[in-house]
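Annotated features in TrEMBL:
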- C:Glu141: active site, proton donor (ACT_SITE)
- C:Glu314: active site, nucleophile (ACT_SITE)
- C:Arg102, C:Asn140, C:Trp322: substrate binding site (BINDING)
- C:Cys106, C:Cys150, C:Cys152, C:Cys155: Zn(2+) binding site (BINDING)
- C:5-392: domain 'Glycoside hydrolase family 42 N-terminal' (DOMAIN)
- C:401-591: domain 'Beta-galactosidase trimerisation' (DOMAIN)
- C:599-646: domain 'Beta-galactosidase C-terminal' (DOMAIN)
Amino acid sequence: MLGVCYYPEHWGTEKVEEDFRRMKELGIEYVRIGEFAWSRIESERGKFNWDWLDKTLELAEKMGLKIVLGTPTATPPKWLIDEHPEILPVDKDGRVKNFGSRRHYCFSSPVYREEVKRIVTIIVKRYGKHPAVAGWQTDNEYGCHDTVRCYCPRCKKAFQKWLERKYEGDIKKLNEAWGTVFWSQEYRSFDEIELPNLTPADPNPSHLLDYYRLASDQVVEFNKLQVEIIREYSPGRFITHNFMSGFTDFDHYKLSKDLDFATWDNYPLGHTLVFLRMKGETKNPFDRVGHPDIISFSHDLYRGVGRGRFWVMEQQAGPVNWAPYNLWPAKGAVRLWTWQAFAHGAEVVSYFRWRQAPFAQEQMHSGLLAPDSAPYPGYHEVKQVFEELKNIDINEPVESEVALVFDYETAWVFSIQPHGEGVNYIDLVFRFYSALRRLGLNVDIVPPGSSLDGYKMIVVPSLAIVKEEVLDTFKKYDGLLVLGPRSGSKTETFQIPPEMPPGLLKEIIPVEVRQVESLGDNVETLVWNGKEYPVSIWREDVDPTITEVIARFKDGFGAIFRKENVFYLAFWPNGDFLVDFFEALSKESGIETKRMPEGVRIQRRGEYVFSFNFTSEEVDLEIPTKVQIVLGDQKIPPYGLLIWKENER
Amino acid sequence: MLGVCYYPEHWGTEKVEEDFRRMKELGIEYVRIGEFAWSRIESERGKFNWDWLDKTLELAEKMGLKIVLGTPTATPPKWLIDEHPEILPVDKDGRVKNFGSRRHYCFSSPVYREEVKRIVTIIVKRYGKHPAVAGWQTDNEYGCHDTVRCYCPRCKKAFQKWLERKYEGDIKKLNEAWGTVFWSQEYRSFDEIELPNLTPADPNPSHLLDYYRLASDQVVEFNKLQVEIIREYSPGRFITHNFMSGFTDFDHYKLSKDLDFATWDNYPLGHTLVFLRMKGETKNPFDRVGHPDIISFSHDLYRGVGRGRFWVMEQQAGPVNWAPYNLWPAKGAVRLWTWQAFAHGAEVVSYFRWRQAPFAQEQMHSGLLAPDSAPYPGYHEVKQVFEELKNIDINEPVESEVALVFDYETAWVFSIQPHGEGVNYIDLVFRFYSALRRLGLNVDIVPPGSSLDGYKMIVVPSLAIVKEEVLDTFKKYDGLLVLGPRSGSKTETFQIPPEMPPGLLKEIIPVEVRQVESLGDNVETLVWNGKEYPVSIWREDVDPTITEVIARFKDGFGAIFRKENVFYLAFWPNGDFLVDFFEALSKESGIETKRMPEGVRIQRRGEYVFSFNFTSEEVDLEIPTKVQIVLGDQKIPPYGLLIWKENER
Amino acid sequence: MLGVCYYPEHWGTEKVEEDFRRMKELGIEYVRIGEFAWSRIESERGKFNWDWLDKTLELAEKMGLKIVLGTPTATPPKWLIDEHPEILPVDKDGRVKNFGSRRHYCFSSPVYREEVKRIVTIIVKRYGKHPAVAGWQTDNEYGCHDTVRCYCPRCKKAFQKWLERKYEGDIKKLNEAWGTVFWSQEYRSFDEIELPNLTPADPNPSHLLDYYRLASDQVVEFNKLQVEIIREYSPGRFITHNFMSGFTDFDHYKLSKDLDFATWDNYPLGHTLVFLRMKGETKNPFDRVGHPDIISFSHDLYRGVGRGRFWVMEQQAGPVNWAPYNLWPAKGAVRLWTWQAFAHGAEVVSYFRWRQAPFAQEQMHSGLLAPDSAPYPGYHEVKQVFEELKNIDINEPVESEVALVFDYETAWVFSIQPHGEGVNYIDLVFRFYSALRRLGLNVDIVPPGSSLDGYKMIVVPSLAIVKEEVLDTFKKYDGLLVLGPRSGSKTETFQIPPEMPPGLLKEIIPVEVRQVESLGDNVETLVWNGKEYPVSIWREDVDPTITEVIARFKDGFGAIFRKENVFYLAFWPNGDFLVDFFEALSKESGIETKRMPEGVRIQRRGEYVFSFNFTSEEVDLEIPTKVQIVLGDQKIPPYGLLIWKENER
Ligand SMILES: [Zn+2]
Ligand SMILES: [Zn+2]
Ligand SMILES: [Zn+2]
């Protein structure tokens, strides 16, 4: 199904009716509104202006559009900030941030939490049972603009309380856990503990990790406050939040537990460019369409975060304004992205935004319509999708034979202690993920600790901290299990495990990491299966006497270790190696693979098989005989797609 | 005429007499003094030391030197800062700047404005009618060291008042103008408005633009304060200010209205290096002489800012101290720069400085004399110019057939919203300007709204915001008019015009920009007149149905549009294209062009034609027959020049 | 002799006994302990826990290990910071630094100095005469993490007092010395003077230089406070400090005067990488072993700082955690480094650390033992060295025919006023030093003003400020003396000398620098002895009429000047030129040279000659006949070494 993001407060009610009519024509079913409208709802304390919103909902109901109503808490209005300046967050350098954009609040502020409860209660009480309201979005893109980690006095107090709870009121436990004997960092009480910023040298990594956890928990709590109110006053409506791609500052699984499903905001061009720059690459061959795996990684991740259910809440529909540079998408890209989302299991794809605003910060961020209401190219592609959808029934769930374990704590561990240039958890995960996709495999992304039943192969790019219950899932699993470098390398409080890395994982793979090295751009040569592969960034020196070494570096160090069904990769693997390696493992596991051409990807959902061409050239795809093509042609045009049903499967 | 910058307070009066004698010998007529001497004039509140300055002026009078007296307001002394620390400015990060260099004041500070009035009044009353005083320079290089935009409480208050005036006391007008409905940025009163710094996300561009205007206006007001006092107490003397090259943080046209003429500070080596680095270039083939167009652009600009009249107030005379690296100039460069200034209309070229100070911040910034009073190489070149000037009468005005419209607001719009890497107004302007110069054309640089009568071609690299009165000048103009990208792209308050860009300009060129893209380093191919040109940085998607498309990109998008005498370029053109294009347009306009060799430039002033060789090789210039050579030879030596009179013209 | 750094407080006394036993086995004689243990010694004000330390010393005594006891002042505990937050330092941006790592104190804080006196007195009184205590280390790595220069109110007050003393209470002298007449910077009293940070433009260089001196002096004073207490209560024990390689923020000679000898912390891999990056180089051919000259430069420097005596207090023993990336060392490197240290005169090489801590900031910084107490590869190399040492007696002093003058003030002058990219004192010094080492020469590094008797050649890469007593040593010296660029370029208060550079040095080399230029990456060509050499970064225009020009640039400027035994190099020489040049000069001086292969170095100590192979290839070294090989073989394996005795010399 299709949706759209819309700001009735920008246009006046007279225009809303016409807009709704045109949305219906385009096949839109869901309209997200309201998430930045606090000052329009409550222009000063206690002065509410409901007219425009009442009218909007009334029109939606009349025209059969379903509303996703946003809570407006990402943008507290000026009068509120002036009443309580302590709502403003403080950055790592100690600077109080200012009103004048968005997300200018601290998640820990008690006074802001009270105000959030107040405004959400008022709005939900008013509209919670409105027939047009199908569901709710809490706030907007939690953490955007680096706002999860705040360094204000409220956060310091919250951190102290959080630590006191975690360490059961016993400061000795904290001292032990953090190793504060090092550098005389010992504390006598929880209220002595500072936030871990502005230290002359690096802060204690245990201190940082606990602070990152607290900051993540504050977001979860902040969201839960809202969820509880919505549950109470808006029965039968769903609750979701629009997450950001590639963002790891809080634990999305944990927050998502309070939601009915996940949604995410899909901007393929900017995300691809930013991802490539993070890796130091300057060329972007996918500049007008985005890299298929960078996009689908988020689809698969948020399907996991949403426990099988997700939407794209904001789908790029034309050029945007925030990337280092902003191209307009290739002709066909908007249609391609939409079908890709459905192929990966999206229930709804909701475009951002209905009409480009001619004013303020996002005036150069396009939508389906230009400011003068004329359609942009993307509009016509949406129309096409709407027509195509009439013949294709896509409600079945996505099923995968392979699962990849993605973990937020590991992202924090790597960022706290990269130990060398290029060490970045997302980069590592993407290497594993993309290799699987190059083999034509569906991939589920799952949190550590989730059930692994039914999967034929499990891939763990890295899991720095291993909990007993996670280990149990690994122990119970009898398919092939691949563990990447730095797995099990830290205890829960960021220490090297007493049994040495991989710590608890030694129970399933009896290796012992004696030393590690970060390589930067230095290249060592891995030899596996008679072939050589360059390795940079990271390598480990594993005790070679314990288990089977199935591949070595040219200089003799062990690289790949195996014990029964479990593999340990003691290095930062590159994509070409992983494709070869996973191909071999898939064969052993009875998983059928098919090497995809560069930029071409395949995804299965229910009885449908989708093939996407993210290149600027026509692709002549080899497809199985006796399939029923339901959309497109075996010769897939640039930025085109092909859908078939596998009748005989 | 020649001048020099001099600091009598550095040397003691005994040395001044000798220095003045040597200046006379060298042909110096004007001596600028006093602009940093506040602490020498008033060593503590109310304690004045006039002796040195009385004596200096007396000697000048005696020896027939004309003094340009600077107001010392760029350097408030320590006792004043200690009395009123609120004079100190605050940077964008919220840090109060410190005493210990220069420009440590906020333009908005009421207490500083009072002090400025006081000291200027005292000085001007004392010397305003002194026979040696020919004129005044206000302050020094307004805005140097990023000091136009201050983020202190005084500026916030000034901004609120400025907005209240602009929006006629009606906060609704401001909310409308800024689109504050976006992200709940609505204000209830003017005193709620913050300065646009330290926001978590980008500030509202309308907010920024108005703040940039206020900051610019504060400089204009600050200057005017001084001008009014000087006008009152120093009748018949000129008033000027020494502007900086390539600096756009305030509106020079607006400030210059209160001056008698403009002056600027010409440091070719550093300006060229800094300009090239801004463009990401690392090679500098003009490392010992500067790029001729980078220099002459400022000559032509400040001739426009000065309404036809300008000086070079500070002319580089040897190696300086502030560029990323600092070479000594090529032999001949000082002479070359001097003649180039005169060719472009300078009335006076005043060298910086007489004698290098052996102490403090600028001890590595050379002058005409070394600290030990021995002449530097540049000294001898000045001497040569002085001799050469005796035979050449250069009082006629510069006349140009082409005018380029340069606009400060457009610089602000581009910097507030570049939309992509490489988008920089000065870079764009320079491409247009340099192409015209490569064709051997004189160029006038004019503000938007000035009369276009008499020009055969008008070039507008971009004019983001188009006022009615500016449109009128375009409408009345019947020569060829070339409009660059992003022209008319914003309303006065930084919104997309309701009629879509180019907004009001649609009246003269009926195109409609539907989408834009920033390209970064991506290359698209323009085809014009059978030739291909690479285009990067910026491109626009123009509705192709409205007017004549005279060139397209290879992928089909329109690139150059024409309606009668008006052209619209929907992309960021490169130099080679512009040379070809302007050559064709000049032909159509009856303008004679001549392609100049790399590094060689020609300029006409009155009956004189000047040819400058900025290369390290001799140039054998093809010159018209029957001209009268008045200086140099047709074979122009490296860093040399040739002047002739076009008798037969 | 061998030593090790150890943290008994990390492990509990039960483990100390076993550790000490294993140390003895490994041949360890010295154990450094205690330098970060304040919170373990005094857990709150007045509450002392001596048990663990008493026991440690008792065990050491029993087992015959010598203890180097560190004063714990680098890490004031939290309770002390909470009592006196004014102890915290303030950075250049005005931000108060936070507790949570180390070095979080201001050297000027009066309250901290009192606390330091208190805790040091208590500790030294308790253990000063303990038989196990061989000596003391004050604090730890003064200045690490950019902590020498603090911008707090205490430092401002200290600076004002320091200036008042220096300028004998006469503010006019300061105004004169700093040239404050420039830009109206004049002061009326010492308490008007600010710290030189946060100025809109560059601060006055004289102001900066005096501030750098004060900051350096505060470190010296701070150290002396401790030394005096130790001398009083711990008779017969040595006092030292562990300096950092390549660190110049305070004057090590001055501080070292209060010590018995110097020690330094030798981390070859990280130092090499950081040094290469400082020079803009990205390739590191010595990535697993370090560059031999970068390492030995510090050996030779600290031998000079220690007036002939030094230790390596912390010797890298495996991969570390703080460089841009962190490789594990090549097999053999730990042995190689140890022998290199002894060859250059080290009395003790003390490894960092005994056992890697599994917690806190340095958990990825290895040691001799892993956290689980298993030996790392370096352990076995130490064992090997211990065995090898039994047959080699290395107590004789290092003797050199060449001395290089290294000066901290020159480092400050260059950093205050680089005048162009690439201008860095350490880079310049290294070029001279490395060229001498490439010729197989022993090099002494000496402070300006030390006796030059007995040396056959003196090399002064640059000496910006020349004192009379230093000039005297040069005048008395009759061997070849080579002075590099910018020598004599500044007066004591950072002015250009009245006689022009090289100022006082004109008495020994009658050149006069008329102009200088920084070249960046521009290349000029030096011609010397019939050969051409590229020159970048820096060049000077020297009056060519005064003395003998023995080499010129291709464009005619003089490059190398000679008067009798003194040379002046008016440019930034590259390594290949310096090798050729010093070879010629050595010949003239009767110094025997031998060009060493890339990565191979030779060093003489007493009767021993050491050859080190820092490459990954075997080296077949040509050695004199009739020498007695005492270790290794003429074919030196990768990362191996050869030691012989020159019987016949
Ligand atoms: Zn906070
Ligand atoms: Zn201000
Ligand atoms: Zn301090």
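Using the three backbone atoms N, Cα and C, a Cβ is placed for every residue, glycine included.
TrEMBL does not curate its annotations; it predicts them automatically.
Remember, it's a predicted structure, so these values are computed and weren't measured experimentally.
Comparing C-alpha positions, C:Glu314 (active site, nucleophile) sits nearest to C:Arg102 among the binding-site residues C:Arg102, C:Cys152, C:Cys155. For the domain 'Beta-galactosidase C-terminal' (C:599-646), the number of residues in each DSSP class (helix H, G, I; strand E, B; coil) is 0 helix, 25 strand, 23 coil. Averaged across the domain 'Glycoside hydrolase family 42 N-terminal' (C:5-392), pLDDT for the predicted model comes to 97. When secondary structure is read from DSSP and collapsed to three states, C:Cys155 (Zn(2+) binding site) falls in the helix class.
Counting only the Cα atoms, the space from C:Cys155 (Zn(2+) binding site) to C:Arg102 (substrate binding site) is about 19 angstrom. Close to C:Cys150 (Zn(2+) binding site) in the fold, though at least 6 residues off in sequence, lie C:Pro89, C:Val90, C:Asp91, C:Cys106, C:Phe107, C:Ser108, C:Ala215, each with a CB less than 8 Å from its CB.
Taking Cβ-Cβ distances under 8 Å and a sequence gap of 6 or more within the same chain, the neighbours of C:Asn140 (substrate binding site) are C:Glu35, C:Phe36, C:Gly70, C:Ala74, C:Arg102, C:Asn242.
Working note on the binding-site residues C:Cys106, C:Cys152, C:Cys155: by count of other C-beta atoms within 10 Å of each C-beta, C:Cys106 ranks first.
In the three-state DSSP assignment, the secondary structure recorded for C:Glu314 (active site, nucleophile) is strand.
Within 10 Å of the C-beta atom of C:Arg102 (substrate binding site) sit 24 other C-beta atoms, taking all shown protein chains into account.
Between the alpha carbons (Cα) of C:Cys152 (Zn(2+) binding site) and C:Trp322 (substrate binding site) lies a span of roughly 28 Å. Each of C:Pro89, C:Val90, C:Phe107, C:Ser108, C:Ser109, C:Tyr151, C:Pro153, C:Arg154, C:Lys156, C:Ala158 belongs to the same chain as C:Cys106, C:Cys150, C:Cys152, C:Cys155, is absent from that list, and has a C-beta within 8 angstroms of the C-beta centroid marking the Zn(2+) site. Shown are the active-site residues C:Glu141, C:Glu314; the one with the most C-beta atoms within 10 angstroms of its own C-beta is C:Glu314. Largest CA to CA distance in the substrate binding set (C:Arg102, C:Asn140, C:Trp322): 17 Å, whole number.
Each of the recorded positions C:Arg102, C:Asn140, C:Glu141, C:Cys152, C:Cys155 was checked for a CB under 8 angstroms from a CB of chain A; the ones meeting this are C:Arg102.
Remark: C:Trp322 (substrate binding site) has C:Gly270, C:His365 as non-local neighbours, by Cβ distance under 8 Å and separation of at least 6 in sequence. A coil conformation is recorded for C:Cys150 (Zn(2+) binding site) in the three-state DSSP classification, outside any helix or strand.
Contact annotation for recorded positions (C:Arg102, C:Asn140, C:Glu141, C:Glu314, C:Trp322) versus ligand 3: none, no CB falling under 6 Å from a ligand atom.
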